[in-house]
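Feature list, courtesy of TrEMBL:
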type     : residues                                                                   : note
ACT_SITE : Cys84                                                                      : active site, proton donor
ACT_SITE : Cys84                                                                      : active site
ACT_SITE : Cys237                                                                     : active site, proton acceptor
BINDING  : Asn16, Asn75, Gly85, Asn86, Asn173, Asn210, Glu228, Arg229, Gly238, Thr239 : substrate binding site
Amino acid sequence: MIQVEISLTKVHGSDNEFFILDQTKLSRKLTDSEIKAITKRVSDRDNGLWQGADGVLVVDEPTHSGPLGMMRVINADGSEASMCGNGIRTIARYLGQEHRQLNFKIQTMYADLLVEQATPLAPSIQTFQAEISPISFAAKDLGLHWQDLPELHHQKISVLSDQLIFTAVAVPNPHLISFVDHETLTGPELGRIASYLNNGDNPIFPDGVNVSFVEVLAANHLFVRTYERGVGYTNACGTGMSASSLVYVLEQGGHFEQELNVQNPGGMVKTIVHENTDTERHSLYWVSLVGNATFLGAAMLTLEQLNDPDFDLTQVHFEETGEQEKYRQFIASL
Ligand SMILES: N[C@@H](CCC[C@H](N)C(=O)O)C(=O)O
(Lines of atoms letter the chains of each structure in order from A and count residues from 1; the text may use other names and numbers.)
(Lines give C-alpha, C1' and ligand atoms only; values in the text may rest on other atoms or scores of the structure.)
Protein backbone atom coordinates (compact mmCIF):
# COMPACT_ATOMS: atom_id res chain seq x y z
CA MET A 1 0.00 0.00 0.00
CA ILE A 2 1.29 3.46 -0.90
CA GLN A 3 2.09 5.59 2.13
CA VAL A 4 0.26 8.94 2.05
CA GLU A 5 2.66 11.63 3.30
CA ILE A 6 1.01 14.85 4.37
CA SER A 7 2.76 18.17 4.89
CA LEU A 8 0.92 20.47 7.28
CA THR A 9 1.93 24.14 7.34
CA LYS A 10 0.78 26.13 10.35
CA VAL A 11 -0.22 29.69 9.44
CA HIS A 12 -2.19 32.58 10.88
CA GLY A 13 -3.94 35.82 10.08
CA SER A 14 -4.29 38.02 13.19
CA ASP A 15 -3.42 34.91 15.25
CA ASN A 16 -6.44 33.05 13.84
CA GLU A 17 -4.53 29.79 13.29
CA PHE A 18 -4.86 27.11 10.62
CA PHE A 19 -3.03 24.21 9.09
CA ILE A 20 -2.76 24.28 5.30
CA LEU A 21 -3.27 20.82 3.79
CA ASP A 22 -2.53 20.73 0.05
CA GLN A 23 -4.47 17.91 -1.64
CA THR A 24 -2.59 18.52 -4.93
CA LYS A 25 0.65 17.32 -3.30
CA LEU A 26 -0.62 13.98 -1.98
CA SER A 27 -0.09 10.54 -3.57
CA ARG A 28 -3.87 10.13 -3.33
CA LYS A 29 -6.60 12.62 -2.45
CA LEU A 30 -8.11 12.38 1.00
CA THR A 31 -11.83 11.76 1.33
CA ASP A 32 -14.07 14.27 3.09
CA SER A 33 -14.39 12.01 6.10
CA GLU A 34 -10.58 11.66 6.31
CA ILE A 35 -10.23 15.48 6.09
CA LYS A 36 -12.82 15.93 8.83
CA ALA A 37 -11.10 13.40 11.13
CA ILE A 38 -7.64 14.91 10.50
CA THR A 39 -8.95 18.43 11.16
CA LYS A 40 -10.50 17.47 14.50
CA ARG A 41 -7.33 15.65 15.54
CA VAL A 42 -4.68 18.23 14.56
CA SER A 43 -6.77 21.25 15.68
CA ASP A 44 -7.24 19.96 19.24
CA ARG A 45 -5.77 22.66 21.50
CA ASP A 46 -4.56 20.14 24.12
CA ASN A 47 -3.51 17.05 22.19
CA GLY A 48 -3.30 18.32 18.62
CA LEU A 49 -0.38 19.31 16.47
CA TRP A 50 1.78 22.17 17.73
CA GLN A 51 -0.87 23.42 20.21
CA GLY A 52 -3.67 22.89 17.69
CA ALA A 53 -5.45 25.45 15.52
CA ASP A 54 -8.85 26.90 14.64
CA GLY A 55 -9.19 24.61 11.64
CA VAL A 56 -7.69 23.33 8.40
CA LEU A 57 -7.55 25.11 5.02
CA VAL A 58 -7.63 22.55 2.23
CA VAL A 59 -5.99 23.53 -1.06
CA ASP A 60 -7.13 21.73 -4.18
CA GLU A 61 -7.24 22.19 -7.94
CA PRO A 62 -9.99 24.57 -9.09
CA THR A 63 -12.96 22.92 -10.78
CA HIS A 64 -12.97 25.44 -13.65
CA SER A 65 -10.49 27.70 -15.43
CA GLY A 66 -9.64 31.14 -14.03
CA PRO A 67 -8.65 30.70 -10.37
CA LEU A 68 -5.14 29.51 -9.43
CA GLY A 69 -6.46 27.12 -6.82
CA MET A 70 -9.37 26.23 -4.59
CA MET A 71 -9.65 26.78 -0.82
CA ARG A 72 -11.96 24.80 1.46
CA VAL A 73 -12.42 25.84 5.09
CA ILE A 74 -12.83 23.15 7.73
CA ASN A 75 -13.57 24.39 11.25
CA ALA A 76 -11.90 22.78 14.28
CA ASP A 77 -15.04 20.71 14.94
CA GLY A 78 -14.94 19.25 11.40
CA SER A 79 -17.79 21.35 9.97
CA GLU A 80 -17.21 23.08 6.63
CA ALA A 81 -17.57 26.86 6.18
CA SER A 82 -18.11 28.77 2.96
CA MET A 83 -15.39 31.32 3.59
CA CYS A 84 -12.52 32.40 5.84
CA GLY A 85 -11.15 35.94 5.63
CA ASN A 86 -7.99 35.39 7.67
CA GLY A 87 -7.40 32.03 6.02
CA ILE A 88 -7.73 33.17 2.42
CA ARG A 89 -4.85 35.65 2.89
CA THR A 90 -2.55 32.78 3.89
CA ILE A 91 -3.73 30.72 0.91
CA ALA A 92 -3.07 33.76 -1.30
CA ARG A 93 0.51 33.79 -0.04
CA TYR A 94 0.84 30.01 -0.42
CA LEU A 95 -0.52 29.84 -3.99
CA GLY A 96 1.24 33.07 -5.00
CA GLN A 97 4.60 31.58 -3.96
CA GLU A 98 3.88 28.29 -5.74
CA HIS A 99 2.81 29.95 -8.99
CA ARG A 100 4.97 33.11 -8.73
CA GLN A 101 1.98 35.42 -9.07
CA LEU A 102 1.08 38.52 -7.08
CA ASN A 103 -2.61 38.91 -7.90
CA PHE A 104 -5.04 36.22 -8.95
CA LYS A 105 -8.31 34.52 -8.01
CA ILE A 106 -8.98 31.73 -5.54
CA GLN A 107 -12.04 29.51 -5.90
CA THR A 108 -14.13 29.38 -2.72
CA MET A 109 -17.47 27.68 -2.07
CA TYR A 110 -19.61 30.45 -3.61
CA ALA A 111 -17.27 32.64 -5.67
CA ASP A 112 -13.85 33.09 -7.23
CA LEU A 113 -12.30 35.84 -5.10
CA LEU A 114 -9.54 38.28 -6.02
CA VAL A 115 -6.44 38.28 -3.82
CA GLU A 116 -3.21 40.23 -4.08
CA GLN A 117 -0.02 40.95 -2.24
CA ALA A 118 -0.39 44.28 -0.41
CA THR A 119 1.87 46.91 1.13
CA PRO A 120 3.25 45.37 4.35
CA LEU A 121 1.45 46.42 7.54
CA ALA A 122 4.96 46.69 9.02
CA PRO A 123 8.48 45.72 7.88
CA SER A 124 8.81 41.93 7.44
CA ILE A 125 5.07 41.32 7.85
CA GLN A 126 3.81 39.51 4.76
CA THR A 127 0.52 41.23 3.95
CA PHE A 128 -2.26 40.27 1.57
CA GLN A 129 -5.56 41.72 0.47
CA ALA A 130 -8.64 39.61 -0.22
CA GLU A 131 -12.05 40.30 -1.68
CA ILE A 132 -14.83 39.34 0.76
CA SER A 133 -17.92 38.51 -1.28
CA PRO A 134 -20.73 37.68 -2.09
CA ILE A 135 -22.60 39.55 0.64
CA SER A 136 -26.28 39.13 1.47
CA PHE A 137 -28.63 40.29 4.22
CA ALA A 138 -31.33 37.77 3.22
CA ALA A 139 -32.49 35.49 6.04
CA LYS A 140 -32.50 32.55 3.60
CA ASP A 141 -28.76 33.07 2.90
CA LEU A 142 -28.06 33.35 6.64
CA GLY A 143 -30.04 30.31 7.77
CA LEU A 144 -31.90 32.80 10.02
CA HIS A 145 -35.37 32.10 11.37
CA TRP A 146 -36.71 34.95 13.48
CA GLN A 147 -40.33 36.11 13.33
CA ASP A 148 -40.43 35.34 9.58
CA LEU A 149 -38.29 38.43 8.92
CA PRO A 150 -36.69 38.51 5.45
CA GLU A 151 -33.69 40.44 6.92
CA LEU A 152 -32.50 41.45 10.39
CA HIS A 153 -31.25 45.05 10.58
CA HIS A 154 -30.57 46.86 13.85
CA GLN A 155 -33.10 44.87 15.87
CA LYS A 156 -33.48 43.20 19.21
CA ILE A 157 -33.84 39.42 19.42
CA SER A 158 -35.75 39.15 22.68
CA VAL A 159 -34.79 35.55 23.41
CA LEU A 160 -31.08 36.47 23.20
CA SER A 161 -31.02 39.75 25.09
CA ASP A 162 -33.39 42.55 26.07
CA GLN A 163 -30.56 45.09 25.68
CA LEU A 164 -28.48 44.28 22.63
CA ILE A 165 -29.28 45.30 19.05
CA PHE A 166 -28.27 42.96 16.23
CA THR A 167 -27.72 42.96 12.48
CA ALA A 168 -27.22 39.72 10.54
CA VAL A 169 -25.21 39.48 7.34
CA ALA A 170 -23.74 36.65 5.25
CA VAL A 171 -20.33 37.40 3.71
CA PRO A 172 -21.14 34.66 2.60
CA ASN A 173 -20.70 32.76 5.88
CA PRO A 174 -23.26 33.90 8.47
CA HIS A 175 -22.52 36.63 11.01
CA LEU A 176 -24.53 38.24 13.79
CA ILE A 177 -23.13 41.65 14.76
CA SER A 178 -23.82 43.84 17.78
CA PHE A 179 -22.24 47.19 18.62
CA VAL A 180 -21.52 47.32 22.35
CA ASP A 181 -19.68 49.30 25.02
CA HIS A 182 -16.26 48.22 26.32
CA GLU A 183 -17.61 46.38 29.36
CA THR A 184 -19.97 44.28 27.23
CA LEU A 185 -17.23 43.63 24.65
CA THR A 186 -14.99 42.04 27.27
CA GLY A 187 -17.75 40.47 29.39
CA PRO A 188 -19.51 37.08 29.30
CA GLU A 189 -22.53 38.00 27.09
CA LEU A 190 -20.78 37.12 23.83
CA GLY A 191 -19.98 33.60 25.02
CA ARG A 192 -23.46 33.09 26.49
CA ILE A 193 -25.30 34.17 23.34
CA ALA A 194 -22.93 32.58 20.82
CA SER A 195 -22.72 29.22 22.58
CA TYR A 196 -26.56 29.08 22.65
CA LEU A 197 -26.74 29.94 18.92
CA ASN A 198 -24.18 27.24 18.11
CA ASN A 199 -25.59 24.50 20.33
CA GLY A 200 -27.08 22.63 17.35
CA ASP A 201 -30.74 22.83 18.33
CA ASN A 202 -31.62 26.52 18.67
CA PRO A 203 -34.50 27.57 16.37
CA ILE A 204 -33.01 30.95 15.31
CA PHE A 205 -29.80 29.80 13.60
CA PRO A 206 -30.16 25.99 13.44
CA ASP A 207 -26.90 25.74 11.42
CA GLY A 208 -25.05 28.07 13.79
CA VAL A 209 -23.66 31.55 13.29
CA ASN A 210 -20.48 33.51 13.97
CA VAL A 211 -21.20 36.18 16.59
CA SER A 212 -19.17 39.40 16.88
CA PHE A 213 -19.31 42.20 19.42
CA VAL A 214 -17.94 45.49 18.10
CA GLU A 215 -16.69 48.51 20.03
CA VAL A 216 -16.23 51.76 18.12
CA LEU A 217 -12.90 53.14 19.39
CA ALA A 218 -12.99 56.25 17.17
CA ALA A 219 -14.27 57.21 13.73
CA ASN A 220 -13.37 54.35 11.33
CA HIS A 221 -11.57 52.52 14.15
CA LEU A 222 -13.21 49.37 15.52
CA PHE A 223 -12.39 46.55 17.92
CA VAL A 224 -14.06 43.24 17.04
CA ARG A 225 -14.26 40.18 19.29
CA THR A 226 -15.74 37.03 17.73
CA TYR A 227 -17.06 33.69 18.92
CA GLU A 228 -16.97 31.48 15.83
CA ARG A 229 -19.29 28.74 14.70
CA GLY A 230 -17.44 25.43 14.74
CA VAL A 231 -14.60 26.76 16.89
CA GLY A 232 -15.57 29.01 19.83
CA TYR A 233 -13.64 32.17 20.73
CA THR A 234 -10.89 32.90 18.21
CA ASN A 235 -8.22 35.61 18.29
CA ALA A 236 -9.80 37.11 15.19
CA CYS A 237 -12.30 36.38 12.44
CA GLY A 238 -11.59 38.00 9.06
CA THR A 239 -15.12 37.63 7.73
CA GLY A 240 -16.45 38.83 11.12
CA MET A 241 -14.34 42.00 10.87
CA SER A 242 -15.49 42.49 7.24
CA ALA A 243 -19.14 42.03 8.22
CA SER A 244 -18.70 44.43 11.18
CA SER A 245 -17.07 47.03 8.90
CA LEU A 246 -19.97 46.82 6.44
CA VAL A 247 -22.60 47.20 9.17
CA TYR A 248 -20.63 50.13 10.67
CA VAL A 249 -20.39 51.93 7.32
CA LEU A 250 -24.08 51.40 6.51
CA GLU A 251 -25.18 52.56 9.97
CA GLN A 252 -22.97 55.67 9.62
CA GLY A 253 -24.82 56.62 6.43
CA GLY A 254 -22.82 54.76 3.79
CA HIS A 255 -19.35 56.31 3.55
CA PHE A 256 -17.82 53.77 1.20
CA GLU A 257 -14.23 53.57 -0.08
CA GLN A 258 -12.69 54.67 3.24
CA GLU A 259 -10.02 52.72 5.07
CA LEU A 260 -11.09 51.32 8.43
CA ASN A 261 -8.67 50.17 11.10
CA VAL A 262 -10.01 47.04 12.82
CA GLN A 263 -8.32 45.70 15.93
CA ASN A 264 -8.96 42.26 17.36
CA PRO A 265 -7.51 40.20 20.24
CA GLY A 266 -4.81 38.81 17.90
CA GLY A 267 -3.78 41.92 15.99
CA MET A 268 -5.32 44.24 13.44
CA VAL A 269 -6.50 44.43 9.84
CA LYS A 270 -7.61 47.15 7.50
CA THR A 271 -10.89 47.02 5.63
CA ILE A 272 -12.47 49.05 2.85
CA VAL A 273 -16.20 48.71 2.20
CA HIS A 274 -17.29 49.05 -1.40
CA GLU A 275 -20.64 49.57 -3.03
CA ASN A 276 -20.78 47.72 -6.28
CA THR A 277 -20.40 49.79 -9.41
CA ASP A 278 -18.86 46.93 -11.37
CA THR A 279 -21.01 44.24 -12.96
CA GLU A 280 -18.12 41.77 -12.52
CA ARG A 281 -18.73 41.76 -8.76
CA HIS A 282 -20.83 39.13 -7.04
CA SER A 283 -23.13 41.32 -4.89
CA LEU A 284 -24.17 44.91 -4.11
CA TYR A 285 -21.53 45.28 -1.39
CA TRP A 286 -18.08 43.79 -1.06
CA VAL A 287 -15.20 44.36 1.33
CA SER A 288 -11.43 44.48 0.85
CA LEU A 289 -9.72 42.83 3.81
CA VAL A 290 -6.00 43.58 4.28
CA GLY A 291 -3.91 41.82 6.89
CA ASN A 292 -0.97 39.62 7.72
CA ALA A 293 -0.39 36.13 6.32
CA THR A 294 2.14 34.62 8.68
CA PHE A 295 3.73 31.18 8.24
CA LEU A 296 4.77 29.59 11.54
CA GLY A 297 6.27 26.31 10.40
CA ALA A 298 5.61 22.93 8.84
CA ALA A 299 5.67 19.24 9.73
CA MET A 300 5.49 16.08 7.65
CA LEU A 301 3.28 13.21 8.83
CA THR A 302 1.82 10.06 7.33
CA LEU A 303 -1.89 9.31 7.11
CA GLU A 304 -1.18 6.23 9.21
CA GLN A 305 0.21 8.39 12.04
CA LEU A 306 -2.74 10.78 11.81
CA ASN A 307 -5.14 7.83 12.01
CA ASP A 308 -3.37 6.18 14.93
CA PRO A 309 -4.98 7.32 18.22
CA ASP A 310 -1.82 6.23 20.10
CA PHE A 311 0.48 8.40 18.00
CA ASP A 312 1.37 11.46 20.10
CA LEU A 313 0.94 14.53 17.89
CA THR A 314 2.30 16.84 20.57
CA GLN A 315 5.78 15.33 20.07
CA VAL A 316 5.97 15.95 16.31
CA HIS A 317 8.90 18.13 15.27
CA PHE A 318 7.99 21.40 13.59
CA GLU A 319 10.39 23.25 11.32
CA GLU A 320 9.81 26.84 12.47
CA THR A 321 10.10 29.85 10.16
CA GLY A 322 10.85 32.44 12.88
CA GLU A 323 8.13 34.74 11.50
CA GLN A 324 6.14 34.76 14.74
CA GLU A 325 8.84 36.75 16.56
CA LYS A 326 8.50 39.52 13.96
CA TYR A 327 4.72 39.35 14.23
CA ARG A 328 4.95 39.72 18.04
CA GLN A 329 7.13 42.82 17.59
CA PHE A 330 4.56 44.26 15.17
CA ILE A 331 1.72 43.67 17.64
CA ALA A 332 3.71 45.19 20.48
CA SER A 333 4.24 48.33 18.37
CA LEU A 334 0.51 48.92 17.84
N1 LIG B 1 -11.99 32.51 11.00
C2 LIG B 1 -12.61 32.67 9.76
C3 LIG B 1 -14.00 32.14 9.60
C4 LIG B 1 -14.01 30.61 9.62
C5 LIG B 1 -15.39 30.01 9.36
C6 LIG B 1 -16.40 30.23 10.44
N7 LIG B 1 -16.04 29.64 11.69
C8 LIG B 1 -17.76 29.70 9.97
O9 LIG B 1 -18.16 28.59 10.34
O10 LIG B 1 -18.44 30.40 9.21
C11 LIG B 1 -12.40 34.05 9.17
O12 LIG B 1 -11.29 34.58 9.38
O13 LIG B 1 -13.24 34.55 8.44
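Cβ from N, Cα, C; glycine included.
Each of the listed features needs to be described in terms of its position in the shown structure.
Reduced to three states, the DSSP call for Cys84 (active site, proton donor) is coil. Cβ environment of Cys84 (active site, proton donor): Phe18, Gly55, Leu57, Met71, Val73, Asn173, Gly238, Thr239 lie under 8 Å away, each six or more residues apart in the same chain.
Counting every protein chain shown, the number of other Cβ atoms lying within 10 Å of the Cβ of Cys237 (active site, proton acceptor) is 32.
All protein chains considered, the CB of Gly85 (substrate binding site) has 29 other CB atoms within 10 Å.
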Whose Cβ lies within 8 Å of the mean position of the Cβ atoms of Asn16, Asn75, Gly85, Asn86, Asn173, Asn210, Glu228, Arg229, Gly238, Thr239, the substrate site, other than those residues?
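Apart from the listed residues, the neighbours are Val73, Ala81, Met83, Cys84, Gly87, Thr226, Val231, Thr234, Cys237, Gly240.
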Let me know the most crowded of the binding-site residues, choosing from Asn16, Asn173 and counting other Cβ atoms within 10 Å.
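That would be Asn16, with the highest Cβ count within 10 Å.
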Would you mind checking how many other C-beta atoms are within 10 angstroms of the C-beta on Gly238 (substrate binding site)?
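The Cβ of Gly238 (substrate binding site) has 30 Cβ neighbours within 10 Å.
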At its widest, how many Å does the recorded substrate site span between Cα atoms of Asn16, Asn75, Gly85, Asn86, Asn173, Asn210, Glu228, Arg229, Gly238, Thr239?
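About 16 Å separates the two most distant Cα atoms.
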